[in-house]
Amino acid sequence: MASQLFRPLTPRLSSLTPVKPHFGHLQAGISVAIQRTDGRIHLAVVTEVRRDNAWVTVEWAEKGVKKGKKVALETIFLLNPALALAGPAAQGRASRSVSLAPPSVIGDQRTAARWAGKIPQRNETPSGDSLAVRVPSSPCLMTQRKSACLREIEKLQKQRERRRRLHREIRAQRARDADTGNAHYEIRRLIEECRRRLRGGRISGPEPRDGRRICVCVRKRPLNRQEATREDLDIVTIPSDNVVMVHESKQKVDLTRYLENQTFCFDHAFDDTASNELVYQFTDQPLVESIFRHGMATCFAYGQTGSGKTHTMGGGFSGRDQDCSKGIYAMVAQDVFLLLKTSAYEKLNLKVYGTFFEIYGGKVYDLLNWKKKLQVLEDGSQQIQVVGLQEQEVCCVEDMLNLVELGNSCRTSGQTSVNAHSSRSHAVFQIILKSRGKLHGKFSLVDLAGNERGADTAKANRKRQLEGAEINKSLLALKECIRALGQNKSHTPFRASKLTQVLRDSFIGQNSSTCMIATISPGMASCENTLNTLRYANRVKEITLNLRPRHRCLYPAEREMPRVLENHIRNSEMSLQGDEFIRIPCLQSEEEKETEGIKVLSSPLVDTTISWKEASQWPDNKIQDTSDEVNCNVDFCIAQLLSILEKKIDILTEIRRKLKLLQADIQKENRHGEVNGERSDLK
């Protein structure tokens, strides 16, 4: 029976004549193995070979239905590697390995089953009438040709894997170099890189201060024990003796952290290694001699609570005890008594008095008289007087220190979440010089209470919160006064609080000289408060003091200090290096010629020209050298140029005004001369 079934097959196979293959041995009419979409592999008959686009059309029967599909040439060669081999031997092997499906068996289920039985089967059996083909366990597959789209996808995948591998290496290197225990180790790394760049560039020193402007200095304290415990970062850098840079941490939309460096320029800047002696040398010591010449000097410390104001003014703490001999109070007293013994001031027969009072809750209390309540009033000459304030005469430095210790013991203080020894009041210590019972000079040392945020005192009791609100209210009033003075407004709200009333003469009083010490905290948690303090101090820097012309000799630029203070400065631990400036020759020669020509016509212009000569010393050599550096700090250069320009604009505006007045006077005199000449001609 089997011989009868396969009898027609032999002549049919023998009648096939070999045809010269195209695209290898692939041609129409042969059976090839194809793969279906569901993964099944079976035989199909090639009906058409498209040479133009390398496609092959195949057909097969399944459940009595003829089906067909188009298969790529690469796919045919992948499943039928023998078709691509060349040579007669390969052709013979191909004819043995590839079977042709007889057309007569298509449609007969039993014949198709027996035909399929002669062919080695694959694991998955095709359904219907389709024939299965065995794929060799280790076939000799051809390399499949890849399309351009597939090659581009593989290229992108390789690039993506290379980037990921590089990022993994970078993260591993950062983990090895950085302290992963700190949550802000990435910000620390950025700050260290910024500081390394700053060390490579040249930083210029402080510029000479104009005597009519408030001296503003900034002091940075070191990280305290509480900040070190929580591993807070130091975000404040002082690259030179008059520049402060704050590294503010920012975050992009993609959560990438970066630094925004904000630069401020002041008269002096002290880092966390500076001592109280160094701070005093460049802040209060130049003002001590002014009170011996009928001057009113003031120094006030401003800053966030816990930033070191009381430490600077009164001295350091050892537990709850304060060493008053290391503060600015004691240093001013020492220099006052030193100058009293000099020959220049000994003949004045001056007596020294001390007062100490505080402003707490909007009220004034005398710290040397059992905290007696005082009143701040204005007399007929519009001078602020503290009524009932007790003045105690002192004869030596030890007596002055006793007053300071007595006042500090009575001063209102408390403990907050930010500072264990927080001052809850504004303290004013005054050193008064009197000659024959009349006021000769006065030095006021003001230790302001620290401004507080509501978030810092949210867990405090009601008393502490009310104290913080009152402190912020008085400091806000002081800020509004400073803003009004900086904008030259007609009204300055000094009566808004007791603090501004007491400090009014320091800003607008005659013969006043003022110094501000802004203390800042270096911790990252205090970044917002630090920036507010620096902006506050930057606005104070623009205020011009009201000086009388007859007392201009009090603060000349080349004034020599007495030898006693000179030796004291020479013996200090360190000194700030001043800049060497150059003059502009063309401007100087022109101004000298103009001064000689108009000296008789306008005497006020001479003073303006002299001040312009002093101010025309531009530090262009320093700025040029800094800009020539490869790693120069652009923010620092811009801040320095803006600081220089702000100082020159006021002088140039005044010169222009005087020149216009002079021009009008000359034109007026010329018109009068012409009229007089015409009258003489008529006569």
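Any Cβ shown, glycine's included, is placed from N, Cα and C.
Among the ranges 141-176, 177-212, the one that Swiss-Prot lists as coiled coil is 141-176. Swiss-Prot tags one of the stretches 244-276, 574-606, 607-639, 640-672 as coiled coil, and that stretch is 640-672.
Long-range Cβ contacts of the coiled coil (141-176) within its own chain (Cβ-Cβ under 8 Å, at least 6 residues beyond either end) map to 74, 77-78, 81, 84, 186, 189. By a simple count of nearby Cβ atoms, those within 10 Å, the most crowded of the binding-site residues Gln304, Ser307, Gly308 is Ser307. Burial estimate for the binding-site residues (Thr305, Thr310): highest at Thr310, by number of other CB atoms within 10 Å.
Around Lys309 (ATP binding site), the C-beta neighbours below 8 angstroms that are at least 6 residues distant in the chain are Ala301, Tyr302, Gly303, Ser423, Asp447, Leu448, Gly450, Ile517, Thr519. In this view, Gly303 (ATP binding site) is surrounded by 27 other Cβ atoms within 10 Å of its Cβ, with every protein chain counted. For Gly306 (ATP binding site), the count of additional Cβ atoms within 10 Å of its Cβ stands at 28 [all protein chains shown].
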